[in-house]
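Following: one structure in structure tokens, then a few remarks.
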Amino acid sequence: MKRIIAPSFLASNFLKLAEEVAMVNKSEAEWLHLDIMDGRFVPNISFGLPVVEQIASATDKFCDVHLMIVEPEKYLADFKKAGADQISVHIEACPHLHRVLEQIHDLGMKAGIAVNPHTPIDFLRDIIQHADVVNLMSVNPGFGGQKFIEHTYIKIKELREVIDQKGLNTLIQIDGGVIQGNARTLFDTGANVLVAGSSVFKAPDPEKAIADLLGA
Ligand code: DX5
Ligand code: ZN
């Protein structure tokens, strides 16, 4: 099964962004994870289009943009222009999720559904076939450096069952509190993509931290 590490730039040193991107470019990470927060869907504001554009221009790796914003449909084309290869939108922020996923695909990007910790996997059953990835949030979105919510393991199993039953190859992404100590169990439980912010960028050797998470 596919295993990918996606370092989350929320935890990076913004004064040394070029070096941080260069580190990820050299590393075994296949994706870059870029967290966009609007202070409305989540109680925090992160960074926006100009930063995504500069990061994307400095890498050939896959740019995974996680929109934690209300009305994400308003900004899809802008993020595509900035260099996004994939956009995930929150199921809780999209009353017309099917339409939004189609819009992302029509713009030539991969489409993801992000799911808050309290949102049941059952809510994905009639829409999952339209997504390339499901981002299961393993913390409440809005901040880096939080503690992993253990109930996520049950959700991974449920989601894996849905994906297998339907014969899909949707990726399962885990976002929040991923560390060396849980990476292996997450992969073994059925996750494909691990987002890691603090455990990569705050590590003494971030490139090694990425390799260790992948080989965990
Ligand atoms: C949280 C973000 C995450 C965050 C993960 O709202 O979606 O991507 O950056 O950070 P860590 O790995 O530090 O929990
Ligand atoms: Zn994220």
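In case you wondered, yes, glycine gets a Cβ from its N, Cα and C as well.
If you take the C-beta of Ser8 (substrate binding site) and look for same-chain residues 6 or more apart in sequence within under 8 angstroms, you find His33, Leu34, Asp35, Gly144, Asp175, Val195, Ala196, Gly197, Val200, Phe201. Among the features that TrEMBL reports, substrate binding site is placed at Ser8, His66, Gly142, Phe143, Gly144, Gly145, Asp175, Gly176, Gly177, Gly197, Ser198.
Positions annotated as divalent metal cation binding site by TrEMBL: His33, Asp35, His66, Asp175. Secondary structure at Asp35 (divalent metal cation binding site), as computed by DSSP, is strand.
The Cβ of Asp35 (divalent metal cation binding site) has 24 neighbouring Cβ atoms from other residues within 10 Å, across all protein chains displayed. Annotation source TrEMBL lists active site, proton acceptor at Asp35.
Positions annotated as active site, proton donor by TrEMBL: Asp175. In the structure as shown, the Cβ atom of Asp175 (substrate binding site) sits within 10 Å of 26 other Cβ atoms.
Under the three-state DSSP scheme, Gly177 (substrate binding site) falls in the coil class. Gly142 (substrate binding site) sits 11 Å from His66 (divalent metal cation binding site), taking the CA atoms of both as reference points. With a cut-off of 8 Å between CB atoms and residues at least 6 apart in sequence, the same chain places Ser138, Val139, Gln146, Lys147, Phe148, Ile149 near Gly177 (substrate binding site), listed in sequence order.
When the Cα atoms are compared, His66 (divalent metal cation binding site) and Ser198 (substrate binding site) turn out to be 17 Å apart.
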